[in-house]
Structures are given as C-alpha cells and as structure tokens.
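Colleague: Annotation source Swiss-Prot lists compositional bias 'Low complexity' at 423-432. Residues or ranges marked as phosphoserine in Swiss-Prot: S115. The region 'Disordered' feature in Swiss-Prot is assigned to 408-444. What Swiss-Prot lists as topological domain 'Extracellular' is 24-37, 90-140, 193-208, 257-277, 339-349, and the listing cites sequence analysis. The transmembrane segment feature in Swiss-Prot is assigned to 3-23, 38-58, 69-89, 141-161, 172-192, 209-229, 236-256, 278-298, 318-338, 350-370.
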Amino acid sequence: MKFPASVLASVFLFVAETTAALSLSSTYRSGGDRMWQALTLLFSLLPCALVQLTLLFVHRDLSRDRPLVLLLHLLQLGPLFRCFEVFCIYFQSGNNEEPYVSITKKRQMPKNGLSEEIEKEVGQAEGKLITHRSAFSRASVIQAFLGSAPQLTLQLYISVMQQDVTVGRSLLMTISLLSIVYGALRCNILAIKIKYDEYEVKVKPLAYVCIFLWRSFEIATRVVVLVLFTSVLKTWVVVIILINFFSFFLYPWILFWCSGSPFPENIEKALSRVGTTIVLCFLTLLYTGINMFCWSAVQLKIDSPDLISKSHNWYQLLVYYMIRFIENAILLLLWYLFKTDIYMYVCAPLLVLQLLIGYCTAILFMLVFYQFFHPCKKLFSSSVSEGFQRWLRCFCWACRQQKPCEPIGKEDLQSSRDRDETPSSSKTSPEPGQFLNAEDLCSA
C-alpha cells in the first residue's frame, strides 16, 4: 500500500496558504489598505469553502448521518480531519486482516507488441485510501485555480504598484505558485489515469520533475504577463479576461449543443436536474479557470458519462499554445508601448525577451515530457519527434516546390518564343531538371 504523500502535500499547501493569506490580510488592515485586505480574504476564503464542499461531495457525507464531520467542515477543518483519517487507515491497514476484497483487472504497458492483463486484490482499506486520494486531488485543483492563481496575480500586482516586496507577501506568492504548479501537475496525472483507465499507469520521478518544470515556466510567465499588462492598461485587461472566460466557458456547452445529446442525468443519483446543472456549471468554471493560466490537459466533454474526453487531441494542444504565445507577445508589446515611469529602471526589451523565452522553455519541457517521460507513450499512434519530422518534410517539400516555379515559367515563355521564331522541324530538348513534378520533388 502506497504512502499517502499526495494527501499530505495537499493539506500542507492548503494550511500554509490560508495561514499566510490571513496573516497578510491583517497586515493590510493595520496599514489601512482595506481593498487589498478584502481581495486577499476573498481569494483565500472562497477556495476554502469550495474545498470543503468538494470533500463532502466526493465522500457523499451530505446524505449520511455524520454531524461531527459536517461541523468540522463548517469550521474549515475538514481537510485536517480527512488527513488524520487517512493516516489512521494507513497505519492500521497492516494489523487487521480484511475479510472482503475486490478484484481489479488492469493491462500492462505493451512489451514487444504484447500486453498482459493482470489481476490485483484491493481491500477495503486500500479502497478508502484511493477515494481519499481522489478527493484531495480534486480539492488541490480547485484550490490552485480558483484561489491560488488569482491570489498570486493580486499580490504580484500590489508589489509592482507599490514597488516593494514584503516578507509576508513574498511568502504568500511562493506558496501560491507552488499550489498552482501542484494543481496543474495533478491535472496531468488525472488526465493520464482517466484516458488510460484500462492500463496500469506508473509515473516515474523524472516525469514528475519534467511536469513540474513545464508548469512552473508556463504559469509564472503567464502571471507576469497579465500583471504587467494590468499595470498599464487597467480597463483593457477586463476585456482580455472576459474574452478568455467566455471562450473557454462556452466551448464545452457549444460542443454539447451541437452533438444533440440528451442532458446528462447520471452524474449523481441524489442530484436533481437543477443540482446536476449547478455541478456542470461549476466544472465548466473550473475548466475555464485552469485554461486561463495554463493548458488543462483534461478536456471537458459534457455529453460523455465520465464528463472527460478520453481521446488525446494534439491539434487542440497545438492551437492552444500557438494562440497563447501570440496573446502573450501582443500583451507584452502593448505593455512596452504604454509603460509608465514605475518601469524606469527596468530594461523593457530584455524583460520581454526573457518572458517569451520562458514560455518557449515551458513548451520545450512539455515536448520532452511527451517524447521521453510520458508513462503511456507506447500507446501513442505517433510521437512528438515523428510529428515534427513529418511537418519538416512537408515544409521542405513546399519550399522546394515553390522555388522552381518562377524559373520554369520564364523558361517556358522563352522556349515558346523560340518555337515561333524557328522552323517547325527543329525541336529543342528540355533539360530534365526543368519539368520535375511534385511527386519527384517529394521523393527527392
């Protein structure tokens, strides 16, 4: 039985960020900054409440008679109680022999084109730990993108405008960044386990390191770009946020309406149609919050029973990063054109170059992960390197086809004039290189 390290990490980030936010809000209050205090408390307490509801929903405690658990969640102590319960189950699992076990069947990763199916016994204690890990993974994602991401953006904006970074603010920003990166990492692992549910997935430590670096560069550069743009064009940032929000929020619903599928009723038996709609809207809101800052890795599909698309769409991944890179470049260009005196001692071209290189570095680590460290890379129909080679061949073929077109047209015109001037009996033999078709160029 695995040690519940993910549960411990989730609880640590939850407690550390909440404590740092409450301490910083008291500092803002003593300094007379009421607006910063209110926003700091909002981005701290709102995800706390959502985390409590998530844990209650996953464990189905709302329909069970557990008043103490409900009271602890109302006091915002639910994650601490759940963590204590997890470690009690873990340390007591080896002492008691379980009378009932369930059998799960998983397929191993293919070796030499063959994949074996293995059976594994899962006891009640291990099943409870799996449920707890799943609940805390979802809670970490909610805390990261509905609380930590806005909190990090807010505190960095305050630091830029005040031109001062205090110890409490830097501590909160560091914890918030770690929380966002951890939440994005859980999104990647969750996407892999959902898409390859039939297989036994084992993620290596180097894969975790690669995902951590990928997400760190991606999220850090995105937050800095948004803060820089907000500091000079406060009105237009609302337009950017609304465009991003409605684009990602409406996209799954548009696909659902176009598919003509019936409204999903099998999310939770105890939920009514109104409750199901609220849950779907909340999931869409979370999906939107993730994509505002980074690639979600999990594609929401409302017409699917699992609500998650199990197909890996490389096209969506490519389009997302192309559009996001162009958007970041445009926002940085606008910041460079309209920057104020607070950036007097900042080398603006160097900062723009560093941010663009940082985002490209994130894309590089993403490609390295999918090429070398993805646990299910053997199941891919094509790898990243093969796709890049095909794209390079097509690009070279297009360039070679375009270059001979101009001289061919001129030489054909000259040869036709020569035919008109010379007698019909005399014929000129064309050079073989002048009339190569597209297939010969491609084979060459």
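Yeah, the Cβs are placed from backbone N, Cα and C, and that goes for glycine too.
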Colleague: Mind checking which residues of the chain, 6+ beyond the ends of the topological domain 'Extracellular' (339-349), have their Cβ under 8 Å from one of its Cβ atoms?
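Modeller: Non-local partners: 160-161, 163, 231-232.
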Colleague: Which one, 69-89, 172-192, 209-229, has the most C-beta pairs under 8 Å toward the transmembrane segment (236-256)?
Modeller: 209-229
Colleague: For a three-state summary based on DSSP, what are the helix, strand and coil counts in the topological domain 'Extracellular' (339-349)?
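Modeller: Counts, helix then strand then coil: 5 helix, 0 strand, 6 coil.
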Colleague: Among 38-58, 172-192, 278-298, 318-338, point out the range having the most Cβ pairs under 8 angstroms from the transmembrane segment (350-370).
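Modeller: Checked against 38-58, 172-192, 278-298, 318-338; highest Cβ contact count belongs to 318-338.
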